[in-house]
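To start, the structure itself, in structure tokens.
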Amino acid sequence: MAAAAATSPARAAAWAFAAATCVKLLLVPTYRSTDFDVHRYWLALTHALPARRWYTDASSQWTLDYPPFFAYFSRLLALPAPLVDASLVSLPVPDAPPSFAYLLYLRLTVAFSDLLLLLSSVLLLATDALTRRRRRPFLSLALVLWSPALLAVDHVHFQYNGFLMGLLLLSLHFLEQGRDLAGGVVFAALLCSKHLFLVAAPVYFVYLFRHYCCGRGVVRGLGRLVLMGAGVAAVFAAAFVPFLYYGQMQQLFNRLFPFGRGLCHAYWAPNFWVFYILLDKILAFLLRRLGFNIQIPEASFTGGLVGNSSPFAVLPKVTPITTFFLVILAMSPCLMKAFSKPQPRHIIRWVSYATTCGFMFGWHVHEKASLHFTIPLALIAMDSLEDAKHYFVLSIVSCYSLFPLLFENQEYPIKVMLLLTYATLMWVGFSSHFAAKSPQEGKKVNESGGVVRKNSFIGWISFSYLLGIVAIELWSQVFHHYVFGSRFPFLPLIMVSLYCGVGMMYSWMWQLAWIVRH
């Protein structure tokens, strides 16, 4: 680690990326989810059919439900595909299992698209004269490129989050550098690639309006507002005007925002709604025991199913508009900070907090969405001891919450080793980094309840909580079967969601407290 840090940033980054790529190649033959079939179909769809049929084709259950820029991205990835295997881009997609060349090509497209993540991370590592920030440590880059959650979701489960996070980090790099127009345009491109990043749009709007447009005189400020609006509008026009011309905007909108899917995903993301659902179940049970006539909905969350409505027995039904207002309310302290004192050095924190709010209170949140804030927070995890302690807990909780995605036995050692390796990297890296601080800083840290010994940088509460994860895993893998047999198969998943939800709530409150204090 020290040798890598001593070399030039470019060489160190290349070494870290090469090491990550070797791991990705080893993961090629592992389990792949239905998302593999989804992206496999989208490659064939965008290659074999004209654009006017992309959002109307219903010949497969894997309909295209990402914005147009991602469809163009799939089209680009499909161009060399016939040279590898013609069936990669043929419709209908063959029912037979893919050949190894077929599988390798799709896996390599994910690894190749991670180059954008590498580029953005390297740019964010560099010295920033505008914010007077020194070069970030090499470990910050390693925490991004070696994220076990990203490796599991993209290179086992199968998605392209590395490419999308690369766009987000590139936008944040431009904002940190004071190049607000470029940052806004890149963020618009990100929204046209994956609309779930819309949750960060309020922070972007407020920050760019105050930092880029205001305080420069009426005429110049208005000119900048028009320029920013024109740049963003040009990006959205490039994405959506063709489909507006085809008269498919309503169809496209319905694909992007399927509100009928319900409040929660089949596997509950560890957010606020886990506690809301369980409170409803507890209240229903207690009221029925007291003699009240409580009707239990047929579509039960405990069965892991989600219908077209939220099946609550006692508590009020939650609607998409309710979650929207909750997200904005939770985000409001950050928006006020961005409006009152827009500072480029805080933009990563503000955007991370906004995506955390979306994860905690949003509608039909996927557990994989935790990547939207854990990856950016990795870059600032070494800004202070408190940041390191927060990220250490958050990253472990986020990764563990994704364990149910890789449910086959042969992948179990992989996900455990990825998490343990990453935790060890953080422990050694953070301990070494902060042990090298001045004695005065160490004294202050000790007085605040932080570092007690040179080899220990987290308090007993955090340590006890993380030990609880071990207990949850032992119950799920060993004791549940002996106690309940085949009954209550969804109970281990509920326990994981609930316990990780505690850690996610802690992270949200920690970030909120930091923003309020600063």
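Here the Cβ of each residue, glycine as well, is placed from N, Cα and C on the backbone.
Noted in TrEMBL for the protein shown:
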TRANSMEM  102-126  transmembrane segment
TRANSMEM  138-161  transmembrane segment
TRANSMEM  181-209  transmembrane segment
TRANSMEM  221-246  transmembrane segment
TRANSMEM  266-287  transmembrane segment
TRANSMEM  347-366  transmembrane segment
TRANSMEM  390-407  transmembrane segment
TRANSMEM  419-436  transmembrane segment
TRANSMEM  456-476  transmembrane segment
TRANSMEM  488-509  transmembrane segment
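Against the transmembrane segment (266-287), stretch 347-366 has more CB pairs under 8 A than any other of 138-161, 181-209, 347-366, 390-407, 456-476.
Taking Cβ pairs closer than 8 Å, the transmembrane segment (456-476) reaches residues 385, 388-389, 392-393, 396-397, 400, 403, 427, 430-431, 434, 449-450, 492, 495-496, 499, 502-503 in its own chain, all 6 or more past its ends.
Ranked by number of Cβ pairs under 8 Å to the transmembrane segment (181-209), the listed stretches 138-161, 221-246, 390-407 are led by 221-246.
Within the chain, the transmembrane segment (390-407) has long-range Cβ neighbours (under 8 A, six or more residues past its boundaries) at 31, 33, 143, 147-149, 152-153, 156-157, 267, 269-270, 367-368, 370-371, 374, 377-378, 381, 414-415, 418-419, 422-423, 426-427, 430, 457-458, 462, 465-466, 469, 473, 493, 496-497, 500, 503-504, 506-507, 510-511.
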